[in-house]
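Peer 1: Have a look at this one.
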Amino acid sequence: MASSAAAAAVAAAGAVITPSKSSHPPFSAAYRLLFPILNPLHSLSTRHPHVRPISASADRRQPPSAAAPTADATTAPLLRNFAPDEPRKGADILVEALEREGVTDLFAYPGGASMEIHQALTRSPSITNHLLRHEQGEVFAASGYARSTGRPGVCIATSGPGATNLVSGLADALLDSVPLVAITGQVPRRMIGTDAFQETPIVEVTRSITKHNYLVLNVDDIPRIIKEAFFVATTGRPGPVLVDIPKDIQQQLAIPVWDPPLRLPGYISRLPRLPARPLLDQILRLVSESRRPVLYVGGGCLNSSEELHRFADLTGIPIASTLMGLGAYPTDAELSLKMLGMHGTVYANYAIDKADLLLAFGVRFDDRVTGKIEAFASRAKIVHIDIDPAEIGKNKQPHVSICADVKLALQGMNALMEETGIYQKFDFSTWREELDKQKKIYPLNYKTFGDQIPPQHAIQVLDELTNGEAIITTGVGQHQMWAAQYYSYKRARQWLTSAGLGAMGFGLPAAAGAAVGNPGVTVVDIDGDGSFQMNAQELAMIRIENLPVKIMVLNNQHLGMVVQWEDRFYHSNRAHTYLGNPANETEVFPDFLKISEGYGIPAARVTKKSEVREAIRKMLETPGPYLLDVIVPHEEHVLPMIPSGGAFKDMILDGDGRTPY
């Protein structure tokens, strides 16, 4: 992904970068750390009726006699109200630093080394904590929040196992370029390195799966480090930043200085500059000389959807999307070839194979896209634009490359085309007609067997009933690929999935985070029974907060994608991929309806194709969360399929688990 703000910052070469002052009002002297005054509690919006934060507009200058708490003083949140020159705990400094970064929602699970932070959060006038039930759920929820809003997600965990439970989510965010700030409690400084209770060196553990990380050793560094963490997470190629804070730092009193300069000279000096006009001219010349150009767009285009639309309108070049890029350009638009790669459409992969010019924007030539790298786009000249210099030429050597923000590059090329009128000379109608024939010959399709429910059919019905407007999250496996193929994505940040890491258990907590970041919007977790069970405990949070999260489990009682590979390449030998009860294979195990009932969430099961439409309609019309257990055959395969390491000529178009191979 790209950040035009970063390029603007770099334009002032050599300038000292100082964070802008916050408009956050100074705190009055009425509040004292040892003798807090309770202010009136104010009700929350109906979105979170269970949480009791304090209104940011509360009068913090009331005398003690004016205080009128509406709840028991032992449980009511305390209003933070410091004078500017008054010492306060490091935890309070941290929370105010988060407020100054615009954080209003975060995902934190308390523990011994982070409880000071949680105490400080109860004194925040503007931050709401959303309590999921596992730290992995917290980090995936923060990821769902960030992916769906474009704003950095924030999660907090305690030391030791709490911190290590964030690892999968951090790796996922790094691979998918998701801006996250993860804060962990740590044992006191004097105990670091002594194998203290719940001590893990989380900075060392996560060094290779974060964009940057910090161990805070001085309480006065908190304002600068938090400012830097958000800057690093959101500029250049976005990614996760971890901040580890020992408990004694959280407890230490200090007077914060809110405007320290950033200490990132090396990082800032390496941020990409504005794209050079001669290179943009060269790309447009290549376009004018080509006959079969294709746009290959990825997650790096999610912030430049408008510019991509304009570029496509001006050039008339067909667009193939990666799994991460779905929605950057509408998948139901005339120029869209939908998804390319291992389970991409025939016509998208055909276009790549026959292209004479490949415009690769915001992509990294991942192996699940390219297959056999030597055969990928072997007839084409390649133009690669990406904000991360490490990706240029890493897997596929381009003929022309620009290390820049894709948004700025597209803006520049659009302006050049409109200025020169060169786009009027582009005519790729013959090429588009050729691809339209491929669409008609090889559409996405599936077979039906009596009244069994094809999983693809359930997703198509969901697409129809939501008019393609819902935010979709998934776990990882067959259901993930079918959701990518059969749901129509009309806008960026509508499709949330663990693409690079492929982390099962992502769907439900990511849906919770997306619902928090997009109040009132329907969020549907299309999940598999295997992925769903990995974080099913997060049903608690969506019930407590009454979020409009719908869970549609495509339940085949197996690890479906692994079963598909067993069918194709291992003579259908089942190697621990059956997830049901071997003692009674006729029953659905476990019973998701009973699990859902235990969390107070309405649920239903559907076993016949004729019942699917009405069942999905009821799910969507039921207020709040809902679980629909859709029983599908385990023999179904995701097609098309290019085997790992294969090329376009190796594409598999038919067959399923009912056929021996």
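Glycine too: its Cβ is placed from the backbone N, Cα and C atoms.
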Peer 1: Of the residue ranges 54-76, 376-398, 422-444, 445-467, which one carries the region 'Disordered' annotation in TrEMBL?
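Peer 2: Comparing 54-76, 376-398, 422-444, 445-467 with TrEMBL, region 'Disordered' matches 54-76.
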Peer 1: Using DSSP, tally how many residues of the domain 'Thiamine pyrophosphate enzyme central' (280-411) sit in helix, strand and coil.
Peer 2: 52 helix, 27 strand, 53 coil
Peer 1: Can you tell me how the residues of the domain 'Thiamine pyrophosphate enzyme N-terminal TPP-binding' (89-199) break down into helix, strand and coil by DSSP?
Peer 2: 50 helix, 19 strand, 42 coil
